[in-house]
Amino acid sequence: MEWTPMEINPEMMGKLGVGESWRFVDVLGLEGEQLSSVPKPCSALMLLFPLTQQHESFRSQQADKVSGGSEAYFLKQTAVNSCGTIALLHAVANNKDKMTFDGASALKKFLDETANMSPDDRAKHLEKNKLFILSQPSQPEADKVNFHFIAFVNVNGQLYEFDGKINGPVNHGPTKEESFVMDAAKVCRGFMEREKGEVRFSAVALCQN
């Protein structure tokens with residue numbers, strides 16, 4: 001199955017039935033001064049980047065860092081172009097207790113239904129969920145570069161990286177609410193440093209109004 005690529009924008013949370021107190025904001029850069037403009041509290045950071053040979057090589061070396069059986073909510077990516085939805089689900093699912101949802105929220109329904117499933121079964125359930133497929137806004141493809149979304153979330157004081165293309169979340173060590181954005185940005189800068197000469201990176205943050 002192939003989905004239309006997803007564009008994460010500030011209105012996305014409302015469309016998915018999340019209360020008005022939460023929104024996505026663009027992250028203007030991953031250095032200190034640029035990060036200071038991200039509203040607090042910030043509960044997730046999502047990074048968009050091009051998939052390259054360097055990245056695939058890095059991922060293969062990172063297999064032993066995957067946290068199997070962790071307390072974090074994780075689901076696999078099986079549908080092509082669904083990485084934006086997967087990253088959004090990781091961001092919201094691992095902050096679910098902080099959020100309010102509209103009564104008819106498709107997102108809340110999906111999270112409740114998949115709460116006790118395995119990552120693979122969650123992926124199968126997502127593929128059957130027509131509401132998510134229909135909510136994908138179209139995004140014109142400028143070229144053939146394959147871009148990918150991942151998410152970073154503070155789960156019980158640990159900085160986790162969520163990528164549906166690998167087998168589980170990656171634990172990057174301790175973090176706290178005050179330093180989360182800086183800690184996540186530091187990991188993101190590592191992605192950029194591995195791609196010498198590549199500038200096509202962007203990020204959004206999930207923040208509370």
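In case you wondered, yes, glycine gets a Cβ from its N, Cα and C as well.
The average pLDDT the prediction assigns to the domain 'UCH catalytic' (2-208) is 82. Residues annotated as domain 'UCH catalytic' in TrEMBL: 2-208.
The feature site 'Transition state stabilizer' is assigned by TrEMBL to GLN77. Remark: GLN77 (site 'Transition state stabilizer') has CYS83, ILE86, ALA123, ASP163, GLY164, LYS165 as non-local neighbours, by Cβ distance under 8 Å and separation of at least 6 in sequence.
Residues or ranges marked as active site, nucleophile by TrEMBL: CYS83. There are 25 other Cβ atoms within 10 Å of the Cβ belonging to CYS83 (active site, nucleophile).
Cβ neighbours within 10 Å of HIS148 (active site, proton donor), excluding its own Cβ and spanning all shown chains: 20. Annotation comment: TrEMBL describes HIS148 as active site, proton donor.
TrEMBL lists ASP163 with the feature site 'Important for enzyme activity'.
Of all Cβ atoms in the shown protein chains, 24 besides its own fall within 10 Å of the Cβ of ASP163 (site 'Important for enzyme activity').
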